[in-house]
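Asks: Below: one structure in structure tokens.
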Ligand SMILES: O=P(O)(O)O[C@@H]1C[C@H](O)[C@@H](CO)O1
């Protein structure tokens, strides 16, 4: 895999040495160019002295993960050049720079979803900005419905793999001209979720005595915003999906494209209804409630993970 130009990913002032004209894209030049993302990264670097090596994306109702950050410096999305804004309840809409267990991090308190009206490449723009800031590993968290019948509400699922349902229909964050400064045209995805991180996450779950609620499985993202029909869920179950959500997959693809190591964690917030006899209906309030219920455990877990993952990050050349 061609490395991204080292000059632009060391977390120091970013420059854009390579001038390259990409073909017009079908969204008529509205797609952010490399130079615009460099501008965004430079803006952020000028606002903070923190040089993050791990990025965290907080899932729905999981924003309190960022409360773990010491010496926090918050920047609202609306103040960041070229950034979208958060429109969903449970997504605060700010970047938090600081330290978790002495490791410099940046957390997104609020992510962008396709159903908000953002194209996938725009949903994933912050991941590329993180790369330009010098971030080497991404921890993406999400709220998800538990499809595996053994999962209980409040369980945590380490994502072993995903099924890119939206990608099956050709909707992919990497769709359109490829910018080699981020990564190759045809990135592999068979090692999307870092093996060492998953192994460490299972060890840490034991150490924290939460291994009875930590699972490992396959996540899929649908476009939303509606929750799934019974028939859709039964189809996904047959395909081997354990948890269903509306995010993360495209962020992970974008992160792997630019060679970031990835760990993803789903909080099972509701049981997927796979029978017509079942009375329950999924709803966003329940999703947020379960996030609140699990916030202390999640904070401790992610804090320990950051502390352990840092040992596996590639060193600067
Ligand atoms: O941002 P995530 O994936 O955690 O949010 C999930 C999917 C929908 O946005 C929302 C549904 O309640 O939660």
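Cβ atoms here come from the backbone N, Cα and C positions, even for glycine.
As annotated by TrEMBL, phosphate binding site applies to 60, 91, 111, 112, 113, 143, 247. Taken from TrEMBL, the feature purine D-ribonucleoside binding site applies to 228, 270. For 54-306, the entry in TrEMBL reads domain 'Nucleoside phosphorylase'.
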Asks: List, in residue order, those binding-site residues out of 60, 111, 112, 228, 247, 270 with a Cβ under 6 Å from any atom belonging to ligand 1.
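Replies: So the answer is 60, 111, 247.
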Asks: Can you count the other CB atoms that lie within 10 A of the CB of residue 112 (phosphate binding site)?
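Replies: Around the Cβ of residue 112 (phosphate binding site), 29 other Cβ atoms lie within 10 Å.
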Asks: Take the C-alpha atoms of residue 228 (purine D-ribonucleoside binding site) and residue 112 (phosphate binding site) and report the distance between them in angstrom, rounded.
Replies: 20
Asks: If you count Cβ atoms within 10 Å of the Cβ of residue 91 (phosphate binding site), leaving out that atom itself, what do you get?
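Replies: There are 23 such Cβ atoms around residue 91 (phosphate binding site).
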Asks: Please state whether DSSP places residue 143 (phosphate binding site) in a helix, a strand or coil.
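Replies: Assignment for residue 143 (phosphate binding site) reads strand.
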Asks: According to DSSP, which of helix, strand or coil covers residue 111 (phosphate binding site)?
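Replies: DSSP assigns residue 111 (phosphate binding site) to coil.
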Asks: Give me the long-range Cβ neighbours of residue 247 (phosphate binding site): same chain, 6+ apart, Cβ under 8 Å, in sequence order.
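Replies: Those within reach of residue 247 (phosphate binding site), by Cβ under 8 Å and sequence separation of 6 or more, are 59, 111, 113, 123, 140, 142, 221.
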Asks: Helix, strand or coil by DSSP: which one applies to residue 270 (purine D-ribonucleoside binding site)?
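Replies: Where residue 270 (purine D-ribonucleoside binding site) sits, the three-state DSSP reduction gives strand.
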Asks: For residue 143 (phosphate binding site), write down the residues of its own chain that are at least 6 apart in sequence and whose Cβ falls under 8 Å from its Cβ; none is a fine answer.
Replies: 59, 60, 61, 62, 245, 266, 267, 269, 287, 290, 291
